[in-house]
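Report on the structure given below.
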Amino acid sequence: MTERELWERYQRHLCVVPSVGLTLDISRMNFGADFLDGMRPRMDAAFQAMDALEKGAIANPDENRRVGHYWLRAPELSPEAALKTAITDMQAQVAAFARDVHAGKVKPAKAAKFTQVLLVGIGGSALGPQLVADALGSHRDPMQVHFLDNTDPDGMDRTLGQLGERLSETLTVVISKSGGTKETRNGMLETERAYQQRGLDFGAHAVAVTGDGSELDQYAKGHHWLRTFPMWDWVGGRTSLMSAVGLVPARLQGLDVDGFLAGAKDMDAVTRVHDVAKNPAALLALMWFHAGGGRGTKDMVILPYKDRLMLMSKYLQQLVMESLGKELSLDGKVVNQGIAVYGNKGSTDQHAYVQQLREGVNNFFVTFVEVLKDRDGKSMAVEGDNTSGDYLLGFFLGTRRALFEKGRESMTLTVQDVGARTVGALIALYERAVGLYAHLVNINAYHQPGVEAGKKAAGRVLELQGKLLAKLQAAKAEARSADQLAQDIGAPDEAETVFKLLQHLSANGDHGVKRTGGERPAEARFQAA
Ligand SMILES: O=P(O)(O)OC[C@H]1O[C@](O)(CO)[C@@H](O)[C@@H]1O
């Protein structure tokens, strides 16, 4: 295609969204002339289903739940007055609480004010807040936000160590919709101990965001925490950023939450329109369908040319892959659907994996995110009249061309800046695109059955560990092999898991297990230390 033809294609297909200052360029995706028209019937059905979802239909049939994240930024759309009230009350309570914290009305036991936030959560209870804190945060914010998002003891020590003395002025926000996620529970208990070791009452420095009556809710209320904020079953974890999950940390950090919600609301209004050419979410969904043949055969590379958006791909990994990565279709057929997501930021990634994108396996499509505003204030010239921002643009356009020349497809989202409205709009854009795409491929985007399998398997592993430790205690100083111990605990077929457990137990002093013998699994011997 000549440059002239590309320019024509760029202009013809450019989706312009003035209300949020965003454009979507799909011209470097090589869909055929009849593709968009050909998809019209399936897209219309997706629009109808999405309209029903927003009106309160059961859109998550596997869990018999409604899907209400759009109502979080437009409470007036809620299908019942009670939901609207619940949302606006939550918004008001979160804002008032943050104001009281900033004013020192809610204050720590042994410091003048809370200056740090420690968010303990995982998945949708952390990834969205991490993206927002990074994208919109600055050293001038009234509070800085830290995260514990894993059950890694060393990771907890690093984060709590970085807080150090400042723990006394840290407000811990424990977030778990279910209230039972073990990683979050572990982080909470370890954090609680850190406060206690400094002679601080954890409850006086903690709030919870969780479902009413959950394990976490009961613990928080039973231990007289400062506050609890609600989560509802009609908001999924990966679409909860505009619930208290995202609003509590964002308000405490001092971010422009009103702008964030307004950007999302404005984007929702645009992506509600049944006109594909004017609906960026519909275009994204259709381009995903085109690229992967409705089977996810090409990976989604998210490449923002802006440091502040580096966590966008990590956030979208959950939103896209936990929504679309499904074994069964809505009519029970095995489809193994999904779209893999990866990426970090440009131009940095040009010095990492772009080599393969240009010359390697053509199993991806790129979504560039171009941010027009370089920085607050003016830039210096770094070479001739060129600024660093000129170089960033040059590298983006150069990479886009270098890929296109080799038949590698890309789209480009262009925004004015990385402000609260823009970030809210981007989140809303992808929530809608995922929902529309799910309809195109006939799957339920709003449950996550696959994660239960891993949780159950982990429970079995820890059950085996309990039996192992009891056996080792009883066997005292007798050194035994993994095979023998697997027999001893009545799990002869799980010798490898038993070996892995023993390897970890003997590498740490917590449970008093000693390893002797050779390096190979069959040579190793284990005993109570
Ligand atoms: O907020 P919770 O209930 O602790 O769940 C955390 C995450 O775990 C999942 O349930 C499974 O990965 C996610 O959907 C969710 O965001």
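Please read every residue number as a count from 1 along the shown chain.
Just so you know, glycine gets a Cβ as well, placed from its N, Cα and C.
It should be emphasised that the depicted structure is a prediction, and the values quoted were computed from it without experimental measurement.
Of the candidate ranges 210-229, 290-309, 510-529, TrEMBL annotates residues 510-529 with the feature region 'Disordered'.
Same-chain residues lying 6+ beyond the ends of the region 'Disordered' (510-529) with a Cβ under 8 Å from its Cβ atoms: 469, 472-473, 475-483, 485, 496, 499, 502-503. When other Cβ atoms within 10 Å of the Cβ of Lys455 (active site) are tallied across all protein chains shown, the result is 11. Under DSSP, Glu322 (active site, proton donor) is assigned to a helix (H, G or I) in the three-state scheme.
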